[in-house]
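If you scroll down you'll find the structure; I have some questions about it.
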Amino acid sequence: MLEQIQDFARALQASRYAVALTGAGASTESGLPDFRSNTGLWKDVDPVSLISMTALRRRPVDFYRFYRMRFSHLWGAQPNPVHKVLAALQREGLLKRLITQNVDGLHQAAGSPDVIELHGSLRECQCLRCGRRFPSRLIDVEVETEADIPRCPECGGVLKPGVVLFEEALPADAIEAAIEAAMKADLFLVVGSSLEVGPANQLPVLAVQHGGRLAIFNLTPTFLDPRATWIFREKAGQALGALAAELGISL
């Protein structure tokens, strides 16, 4: 791995616009499960039936009981070396944009100043009626009956978690920013993503189509491996830790 890390470090230092995309694998080293493995969050349930706009509107009690069971452990998670190295690369000016499919807020907790969140964030919630946004602590409650459903303190409307639900469109501003970054990238890092979910999996394709080189940090193969210049099969934290050491960056 060392020789490949050294080569990639030189490319990163020489790049003018490096961009990273992170997926669930970036947070597994924080103790968080991914979504698509045999031990992932959707292993025993059809998520569309419960984490959807339809479920929130028609079965809010079931929605919030499942939501809290599946997601509440994310609120106490801490950043791991993946988040810390990427934040350090941003501070050093080596990484220009950071795009994530994750909703856990760990990039920000590690100090990343600018994160494009494609799937929303657990750090906030929004009223379905008036559209106001609030801290996520308002939905961190036990829901057993309709009287317990989190409601807007301003208008009384039902609160929706800040994550993008099934049946809901991705935020347009995030998609536009991510596409712009991918098209400008001369170096594109994929970190902890299986690249199975669109439209995020098309971002590295855009980068390559516009002349960017691709580095993939993922334990399992992806459909873009044949187009990658560098592939790291180690845990992302291990590979990025080696990269930070090669660059002389302390975390």
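For all residues, glycine too, the Cβ spot is worked out from N, Cα and C.
According to Swiss-Prot, the protein carries these features:
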- His119: active site, proton acceptor (ACT_SITE)
- Ala24, Thr28, Phe35, Arg36, Gln101, Val103, Asp104, His119, Ser193, Ser194, Asn218: NAD(+) binding site (BINDING)
- Phe35, Val103, Asp104: nicotinamide binding site (BINDING)
- Cys127, Cys130, Cys152, Cys155: Zn(2+) binding site (BINDING)
- 1-250: domain 'Deacetylase sirtuin-type' (DOMAIN)
Could you give the mean pLDDT over the domain 'Deacetylase sirtuin-type' (1-250), rounded to a whole number?
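Average per-residue pLDDT within the domain 'Deacetylase sirtuin-type' (1-250): 92.
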List, in sequence order, the residues of the same chain other than Cys127, Cys130, Cys152, Cys155 whose Cβ lies within 8 Å of the centroid of the Cβ atoms of the recorded Zn(2+) site.
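So the additional residues around the site are Leu128, Arg129, Gly131, Arg132, Arg151, Glu154, Gly156, Gly157, Leu159.
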Within 10 Å of each Cβ, count the other Cβ atoms, then let me know which of the binding-site residues Ala24, Cys127, Cys130 comes out lowest.
Cys130
Distance check, please: Cα of Ala24 (NAD(+) binding site) against Cα of Val103 (nicotinamide binding site), rounded to an integer number of angstrom.
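About 9 Å separate the Cα atoms of these two residues.
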Would you mind pulling the DSSP three-state label for Ala24 (NAD(+) binding site)?
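Going by the DSSP assignment, Ala24 (NAD(+) binding site) falls within a helical segment, counted as helix.
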Around the Cβ of Ser193 (NAD(+) binding site), how many other Cβ atoms lie within 10 Å? Please give the count over every shown protein chain.
27
Under 8 Å Cβ to Cβ from Cys152 (Zn(2+) binding site), same chain, six or more residues apart: give me those in sequence order, or none if nothing qualifies.
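Expected: Cys127, Arg129, Cys130, Arg132, Phe134, Val158, Leu159.
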Taking the Cβ of Asn218 (NAD(+) binding site) as the centre, how many other Cβ atoms fall within a 10 Å radius?
25
Can you count the other CB atoms that lie within 10 A of the CB of Val103 (nicotinamide binding site)?
21
For Cys155 (Zn(2+) binding site), what residues in its own chain, 6 or more apart in sequence, show a Cβ-Cβ distance under 8 Å?
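For Cys155 (Zn(2+) binding site), the qualifying residues are Cys127, Arg129, Cys130, Arg132.
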Where's the emptiest Cβ shell within 10 Å among the recorded positions Gln101, Asp104, His119?
His119
